[in-house]
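The following features are taken from TrEMBL:
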TRANSMEM  6-26  transmembrane segment
TRANSMEM  47-70  transmembrane segment
DISULFID  Cys82-Cys91  disulfide bond
TRANSMEM  150-171  transmembrane segment
TRANSMEM  183-210  transmembrane segment
TRANSMEM  230-247  transmembrane segment
BINDING   Ser233, Asn265, Leu330  Na(+) binding site
TRANSMEM  259-284  transmembrane segment
TRANSMEM  318-339  transmembrane segment
TRANSMEM  360-386  transmembrane segment
TRANSMEM  392-414  transmembrane segment
REGION    478-537  region 'Disordered'
Amino acid sequence: MFPYFIMLIFCGIPLFFMELSFGQFASQGCLGVWRISPMFKGVGYGMMVVSTYIGIYYNVVICIAFYYFFSSMTHVLPWAYCNNPWNTRDCAGVLDASNLTNGSRPATLPSNLSHLLNHSLQRTSPSEEYWRLYVLKLSDDIGNFGEVRLPLLGCLGVSWVVVFLCLIRGVKSSGKVVYFTATFPYVVLTILFVRGVTLEGAFTGIMYYLTPQWDKILEAKVWGDAASQIFYSLGCAWGGLITMASYNKFHNNCYRDSVIISITNCATSVYAGFVIFSILGFMASHLGVDVSRVADHGPGLAFVAYPEALTLLPISPLWSLLFFFMLILLGLGTQFCLLETLVTAIVDEVGNEWILQKKTYVTLGVAVAGFLLGIPLTSQAGIYWLLLMDNYAASFSLVVISCIMCVAIMYIYGHRNYFQDIQMMLGFPPPLFFQICWRFVSPAIIFLQAQVHRRLPQNPLHFGSLPERNVLLHQLPQRGGVPKHDPPAPPSPARTYKPQVRVREVPRARRQRSPRLAPLGPPSPKPHPCSAAGPLSWDCPVQNRHSLARSSARLLANSYAAGPEARQWEPAP
């Protein structure tokens, strides 16, 4: 965890604060904020592309969680035993199939089954065969799409309908829904944690989770994985932070918000790790194997290893329902942010009166397009394409976007201008630590991480590495290296789904803007008379300085003084 916390302190929190302050000051989405330097507007389009790719396949993961949630509404979990039509001869479950009829469970495994689990190289668990052969009906090649899995297609439709209904009124409706989606997972995590730590072998799993491997600390890949983990966990360079911050009040203390949210996010990651590894330790103790042999990542953890561990608990369908309901809530919270980022960017870019009034139709159109584009991912080869998009759509691109954003704001727009803008907005300049990180430390770390990524060996992707992100936790940090008993490390870095970030709990309607927003022009040669029009006293903060600060302040002052008819952007004189 040492590389994880180093990246959090010197890269994650500073970039998180930068994006929040950037969006809050401009009150624009990920495209409109680049009026400060129109030549870098491509960074905003890059954020939109990343959010589009992830929004398409992310809802497919949510739909699979829906499928498992509905499948858990039964007396016996369908992945508990090997007596189902889809099971093969290599299937060997942790439960004795002979006890299915009377519902009893053996205290210890029979010797022949334990020998099979420990020494057979062909052993597959019933949960893995349920995942591959029944849920996915996995094809043998990425080009062999086969049939569309109708149960998954139906669940995909359900997930998109839920997302649209929660965003039908924009942040006014999603802001209320997120009270539940952001808090209830903590209740489920606490229930699972209390249950997990009371199981036999839980301490072994927790010690496996906490024990660092210092021999891996100097490996470049470990630090690259930590950086990727931070970007995904905090949601930097996605455009969502800028979009959500644009709904804040102008003088909201986003510095306080960024510190609290970042620390809470990482504390949740550590807490969730205790929940997961306590139950995995119990499973390893039940099987008589090392924890590294049952620990997995990505869908292998969320849809194979952890569901199999749940079958060992009393009243296993109840725990399964709680677990997948938590996954659904976490996924929906993130999907709200992704969809709102796209909708806000489209509305801000078009900017005419019609699209401002018909924002609901824009949301519906984006949801329908996302559903149609997600249909191929529900086919028998869909998981291959999900792997492809996950590893190449939003990995190295996040590093590039963040690096260019830092350079554009600090060295093109100017660090002095940006520090003065923050002081105007918050009443105090950014702390010296953030100033140093923004100007030197964070860009240097991002650049070095990009160079490391380029030089790492790029091995062919395979389904076994799909996708190396902890879908279960959305933010669970990986251990500082590959365990000694693990198979060789997969080719691409381990990451997590980013959590939903809400800067404000009370949503606020965005300020109306004119249909065509003129870019900032060069300063006029005539003197600028300072005025104190309107309720804002910072209409002329600095003489003869061409910056977004003056333009935004002038807009707000004039709009409050002249009424809604005169609320339009103008170049600063």
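Backbone N, Cα and C atoms are what each Cβ position is placed from, and that goes for glycine too.
For the pair Cys91 (disulfide bond) and Asn265 (Na(+) binding site), the C-alpha distance works out to 39 angstrom. Long-range contacts of the transmembrane segment (259-284) within the same chain: residues 1, 4-5, 8, 12-13, 16-17, 94, 186, 189, 192-193, 195-197, 199-206, 208-209, 233-234, 290-291, 293-295, 301, 305-306, 308-310, 312, 472-473, 475-477, 496, 499, 501, 503, each at least 6 residues beyond the stretch ends and with a Cβ under 8 Å from a Cβ of the stretch. Around the Cβ of Cys91 (disulfide bond), a 10 Å sphere holds 22 further Cβ atoms from the protein chains shown. Across the fold, the C-alpha of Leu330 (Na(+) binding site) and the C-alpha of Cys82 (disulfide bond) stand 31 Å from each other. Same-chain neighbours of the transmembrane segment (318-339): 51, 54-55, 58-59, 61-62, 65-66, 68-69, 72-73, 77, 159, 162-163, 166-167, 174, 177-178, 180-182, 184-185, 188-189, 191-192, 195, 235, 238, 240, 243-244, 302, 306-307, 310, 363, 366-367, 370, 471-472, 474, 497-501, counting only residues six or more beyond its ends whose CB sits under 8 Å from a CB of the stretch. Long-range contacts of the transmembrane segment (47-70) within the same chain, counting only residues at least 6 positions beyond its ends with a Cβ under 8 Å from a Cβ of the stretch, are 30-31, 135, 151-152, 155-156, 158-160, 163, 237-240, 242, 299, 302-303, 307, 320-321, 324-325, 327-328, 331-332, 334-335, 338-339, 341-342, 345, 370-371, 373-374, 377-378, 382, 385-386, 389-390, 393-394, 397-398, 401, 471, 497. Residues 55-57, 59-61, 63, 136-139, 141-149, 152-153, 156-157, 160, 163-164, 167-170, 299, 339, 342-343, 346-347, 463, 466-467 of the same chain lie 6+ residues outside the transmembrane segment (360-386) yet bring a C-beta within less than 8 angstroms of a C-beta in it. For the recorded positions Cys82, Leu330, the greatest number of Cβ atoms within 10 Å around a candidate Cβ is found at Leu330. Of the listed binding-site residues, namely Ser233, Asn265, the sparsest CB environment within 10 A is found at Asn265.
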